[in-house]
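Enquirer: Copied straight from TrEMBL:
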type: COMPBIAS; residues: 8-17; note: compositional bias 'Low complexity'
type: COMPBIAS; residues: 27-47; note: compositional bias 'Acidic residues'
type: DOMAIN; residues: 46-154; note: domain 'Ig-like'
type: DOMAIN; residues: 244-339; note: domain 'Ig-like'
type: DOMAIN; residues: 428-500; note: domain 'Ig-like'
type: DOMAIN; residues: 530-623; note: domain 'Ig-like'
type: DOMAIN; residues: 633-729; note: domain 'Fibronectin type-III'
type: DOMAIN; residues: 731-826; note: domain 'Fibronectin type-III'
type: DOMAIN; residues: 830-918; note: domain 'Ig-like'
type: DOMAIN; residues: 927-1022; note: domain 'Fibronectin type-III'
type: DOMAIN; residues: 1040-1128; note: domain 'Ig-like'
type: REGION; residues: 1-56; note: region 'Disordered'
Amino acid sequence: MPEPVPQAKPAGEAPAEAPEEAKPQPEEDELPPADGADSDADGDEPASTELTGLFVEKPPDNVVAVAGTDITFIAKVDSSTLTRKPTMKWLKGKWLDLGSKAGKHMQFKETYDRNTKIYTYEMKIIKVVPGDAGGYRCEVTAKDKCDSSTFEISVESAQQEEQADILSAFKRADAGEDEGDLDFSALLKATKRKKKPEKEVPEIDVWELLKNAHPSEYEKIAFEYGITDLRGMLKRLKKMKEPPKHSEAFLKRLESCYSVEKGKKIVLSCEVVDPNVQVKWLKNGQEIKPSAKYVMESNGNIRTLTINKTTLADDAAYECVVGEDKCFTEVFVKEPPVTITKLMDDYHVVVGERVEFEIEVSEEGAHVMWFFEDQELHKEKDSTKYRFKKDGKKHTLIIQEATLDDIGMYHAWTNGGHTKGELEVEEKELEVLQDIADLTVRATDQAMFKCEVSDDKVTGKWYKDGVEVLPSDRIKMTHIGRFHRLTIDDVKPEDAGDYTFVPDGYALSLSAKLNFLEIKIDYVPRQDPPKIHLDTTGNMVSQNTIIVVAGNKLRLDVEITGEPAPTVVWSKGDKPITDTEGRVRVESRKDLSCFVIEGAEREDEGNYTICVNNPAGEDKAVLFVKIVDVPDPPENVKCTSVGEDCATIVWEPPKFDGGAPIKGYLMERKKKGSSRWTKLNFDVYESTTYEAKRMIEGVLYEMRVFAVNSIGLSPPSLNSKPFMPIAPTSEPTRLTVHDVTDSTCSLRWLAPERIGAGGLDGYVIEYCKEGDTEWVVANQELCERQGFVVRNLPVGEKINFRVVAVNIAGRSAPATLSQPVTIREIVEHPKIRLPRELRTKYIRRVGEKINLVVPFQGKPRPVATWYKDGQPIDPKMVNVRNSNVDSIVFIRSAEREHSGKYELVLQIENMEDRATIEIRIVDKPGPPLNVKVTDVWGFNAALEWEPPKDNGNCDITGYTIQKADMKTKEWFTVYEHNRRTNCTASDLIMGNEYMFRVYSENLCGLSEEPRHGKNTAVIAKTGLEYKPNPYKEKEVSCMPKFTQPLVDRSVVAGYSTAISCSVRGFPKPKIIWMKNKMIIGEDPKYLMQNNQGVLTLNIRKPSTFDGGKYSCMAVNELGKDEVECKLDVRVAVDPEKK
């Protein structure tokens, strides 16, 4: 771990070797500090950090940073005396938490030294800007302890010419002298600079000149010395004046900064002097227009700006402008922590392959930082090699073509999560799928060498006896896909030799031999015995053994001589091979017998015999064909032990080695749930036990193993059962002795500081006598609690105790007591600790459960005895249970007889202690006595009664009085909670007779039954007489009158229709419907209806004969009225026929 420096420094600079070297030297081109700013011109070194509280090292109090450089602050905390891990916060101002601002500009780091138990916290500011100036605080908390340290950052611009420094602070940014936006950043903070040594040649100080000049001359002086930003000049001039001038426009300015969570709203508020003045709000120097997002309000002297639904774009500087006066603030928008939902996978690729590291985060549009080792990857700077892709919540880092330089660990960071993945890149390996076979050909025949490699893009060259073969009319070289062929037509004796194919770019060569078979012609007829000429230079490892790789083709060309031509017979064992077609076949040519096996299998292994004969004799040869293959996969791959970042894997060799010795093994691992395997070794590993390292604790892994022989790689073994790299916990903390008796010792402790991903299964408690080395386990099963009582210990012996934490990874280091414990009980006086609620009268209702727990202390175990009203408690009525530390009185269902004074007597030999508890069991009271009406006057009645005989064992709190009249006998409440034994019932109804009843009430409620009054109250009537006004009947009779006449209608034949009108008249008139002056009778074709004077005549499916004049007549005794209409019925015409 790098040695931390005692003070903040720009990134990349070496720490000071001595205080004298750290002493800043004045420079000639520095500006004088503003008035009131601290100066270090005396050259004294900064005061060293005082080691107080929790901090071992603090950041320096004052730091001057140069804009554009990096700066780092370091704080150290000693955790040796802390019970849990400390928490560190970096704050700006009073309360702004900088943890939410972590990103490209601010980075935070935490490290821990296990040896010294010191936590080191770092805050790094990348490329300091003027806005970073201000007061900061680092605050550390650990349970009930807290410590903090404050420091100040001042930002100064890069060193320039003196005159340029004065003027450049007011120049326009990124443009010419009169172009671009004005940059006020150099004026926001007063920088702390060292005084410049006075020069012999006097120079004009522009600021002194401005301070002593009249305000009307400011513009003239600014023009003379090239100052274009008059507002900025006036602001700095105002800050330089010693007496601070009170703001004329603002009574209360904006706060120095505000913080708000993304998506929430924030209100910026200030108070102005003039309640009628208009204000302007600016954001980063640009005026804000009112909208739904920005709401500006004015309420008296208060001016507010409300920003709704804040986004990261609202993280800016804001100003409130009143005339020439301004107040500034800064809004920090805190983005919610973004977690990583899908972790990064490891990759193992070859050179040139494409790599995609993909993660998923919890929020769309979240900012993700990619790192390669400790170096951040930028989209602008690294776009040629890396591509950064965003798709909703998915973020992908793409490496188009991996190289060996890309090997390492890649990290993805969000403000709420981190994941990493390892990239391993290896050189491409060219795999030979089919080797070149030796050929034996005769003159004028064709010879073709063929091989197959794994990469179809690989080119190569052919060589004969080390000399490159060039194409000609007879010799042709072809390359189709993965196949490379060399074809030689019309073979000649000079074509015999060793042929080699060398792929371009690979240290690999494939060789085969071309044998030329000469044809001898005897012109003298003769008989020669047959002869088998075996070629021992091909696949034969000896004169009678041929090795063939499983799956390859075996072609054995055997030259046969003899006159006349001999007969050839191939056989395997005793079984002759006669097939001329198929996988295993025999091909015969003149003077040549070919034995072919297509796709050799393990069953083809064995002894093969070739027998030739003719009249002149016989010849026989025996060949052993050995089939070799890749081995079977290893078996029983399992994890036998794990560590914090490692695991030990064992397996068994394959049952079948493929016919060739096992050279070693290759191992791969992957995370559970992932489909991407990572190679663990590139060179074959000979042992069957392997320790895998560089794993992440708490992540499930799976392993598989390949066996390797001279033929190739076996299929992978079955995946091992998932295992997790975990480590034992640290030792338990704060082991103490809680209690000791003559045969027991009670221990207590706290959980380990570091538990890890393996969790905590429990604890093992061990003890041994002082001077012995053999530890005895006190608990047969793991203790899950943080306390245990060790029993059956010898009295008076000195015993050492220790506690070990156990999890799936094994036992932790033990926590031991500093000195042995003497097993001897200490006599302690008995003392009853009566709970507060039992020190007063204990009241419960009948039927409730009573469970009184009275704790006490005393050694040895006291004898507890209960008494009720001076007599021992009857165990049939009250249950009592005593333990070492308390006594419990339990009553399942309380009754009135359980009331009384209960006394607990605690005795140890001749010492005792007593405590008294008064228990009262209460019940509902009985009804009152002698309820009677004592007086009646007007609408009132007076009642009296006596208290009940049974008050329920507690005071009567009141009475409920109800009344009922004798007619309805319905009860209504007159009074509730009436405390006196009398009352007056008012607002009674005259002429009614009332009866009364009364309930008594106590703590448990109303009595079960009321007490009815012995007499009733009669409210007598007075002499009142009702004289109603005479009723005058109104004349409503009238003759019929139609208020709505009938209307002429034209309808289509076959469709039902209706005609209607309305009439009024009293008495109710008689209605008569007529057609063509003829009364319509009870014809079912017509339906007549009268609804409240609305008359309707329904005509069902009229025909042309139903047309005519319809009339309606209303008649009563006062007269009649009539209306009529014309109904025209037309025949429907088909449009198509029309």
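Each position is counted from 1, following the chain as shown.
Cβ from N, Cα, C; glycine included.
Just so you know, TrEMBL annotations never went through curation; they're auto-generated.
Just tell me what is around each of these and how deep it sits.
Expert: For the domain 'Ig-like' (46-154), the model's pLDDT averages out at 82.
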Enquirer: Would you mind splitting the domain 'Ig-like' (530-623) into helix, strand and coil residue counts from DSSP?
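Expert: Residue counts for the domain 'Ig-like' (530-623) by secondary structure: 3 helix, 59 strand, 32 coil.
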Enquirer: Under 8 angstroms, Cβ to Cβ: which one of 46-154, 244-339, 428-500, 633-729, 731-826 has the largest number of such pairs with the domain 'Ig-like' (530-623)?
Expert: 428-500
Enquirer: When secondary structure is assigned with DSSP, how many helix, strand and coil residues does the domain 'Ig-like' (428-500) contain?
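Expert: Its residues fall into 3 helix, 37 strand, 33 coil.
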Enquirer: Based on DSSP, tally up the residues of the domain 'Ig-like' (1040-1128) by helix, strand and coil.
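Expert: Output for the domain 'Ig-like' (1040-1128) reads 3 helix, 58 strand, 28 coil.
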